[in-house]
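Each remark here refers to the structure printed beneath this line.
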Amino acid sequence: MNEREYIGRGRRKLEHLRFFQEDSKGSNGLEDVHLVHQALPELNWSDIDLTCRWLGKTLAAPFIINALTGGPPETLAINAALARVARRTGIALAVGSQRAGLENKEWRESFTIVRRENANGLILANIGAGNSPADAGEAVAMIAADGLQVHLNAAQELIMPEGDRAFRGWLENIRGMVNTLGVPVIAKEVGFGLSRETALQLYQAGVRIMDVGGRGGTNFAAIEERRRGRSVAALAGWGLSTAVSILEIRELGLPVEVVATGGIRSALDAARALALGAKIVGAAGYFLKILLEQGEDALTEEILQWQEDLKRICLLTGCTTPAELATKPVVITGQTRAWLEGRQRH
């Protein structure tokens, strides 16, 4: 990569950071998922345990600060703060795409800082599916990661004028990562959701953890329109919502873990996703906005509030753990129900 391309990649990352703060408030479909209140839960507050084991480590709650940024020097302080917040709240953290750090050694510190600030935490590396297994291994080693997010961002690339246009071979790259890396590989969409067809392809390639990255959160079509003043209205509503994506995977009945991301903005959203069958729930843009506008302490307090709210929801649905939410009744209405009914016919 030449100097001009370095500058272009860095500028794009910083522009995305700025626009991430402008929450699109799109529908993630989880408003269609209704938990059933139990007036006689027969539980005490002390009975509720939010801790969970994931990727060999114990989390204080089934939450992750999802992939955001890294690369240009301006991102170092952001990643350092996110790592400290994850450590203080006992939840997982994923870095943004490490492609920039692989290509420019001067930018690696913006990624390695997370392990220095959170030495024992659960941290995920991140790289695109267009990269080789060797590059993926380097990304994992860079931050001593507990797992690798391999992001599937074809729609995002097509929206960006400077984005990639070659996507053949991605599945083989993923298969190679699964077979050669010594850590779990998590296939991750970045805002357009996962269909059952894609989930089956990933499963056949050996992937056992899928991050749905559903529609309803960061809207790259809207971001690109603001970045470039270039309309991409045809893709403005493209993709599968977070709720639909979780259900698409669940309908396959495969032994996979689902990470629910895409427009998660509250503990209630998280509880709804867990009730649909997710194991872990994450947010990216929502957390970033709080960090940049209110500071590190405010983000820490917000996540701790989510944990307390999730504990309340567990008690009021008769659950002693978040995992039990998946065994409780839910009512699905609206567009999500319409999607499920339509999919059964086609």
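Note that Cβ sites are derived from N, Cα and C of the backbone, with glycine treated the same way.
Database features, via Swiss-Prot:
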- ARG12, LYS13, SER97, GLN98, ARG99, GLN156: substrate binding site (BINDING)
- ALA67, LEU68, THR69, SER97, ASN126, LYS188, THR218, GLY263, ILE264, ARG265, ALA284, GLY285: FMN binding site (BINDING)
- GLU157: Mg(2+) binding site (BINDING)
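Nearest to THR218 (FMN binding site) in space, judged by Cα atoms and limited to the binding-site residues SER97, GLN98, ARG99, GLN156, GLU157, is GLN156. Set side by side, the binding-site residues ALA67, ILE264, ALA284 differ in how many other CB atoms lie within 10 angstroms of their CB, and the most is found at ILE264.
Nearest in space to ASN126 (FMN binding site), taking C-alpha to C-alpha distance over the binding-site residues GLN98, GLN156, GLU157, is GLN98. In the three-state DSSP reading, ILE264 (FMN binding site) counts as coil. Taking the binding-site residues GLN98, THR218 in turn and counting surrounding C-beta atoms within 10 angstroms, the largest count is reached at GLN98.
Cα proximity to ALA67 (FMN binding site) (within 10 Å) is found for the following binding-site residues from SER97, ARG99, GLN156, GLU157: SER97. Taking GLU157, ILE264, ALA284 as the binding-site residues under consideration, the smallest Cα distance to ARG99 (substrate binding site) is found for GLU157.
Spanning the listed FMN site, residues ALA67, LEU68, THR69, SER97, ASN126, LYS188, THR218, GLY263, ILE264, ARG265, ALA284, GLY285 have a farthest Cα to Cα distance of 22 Å.
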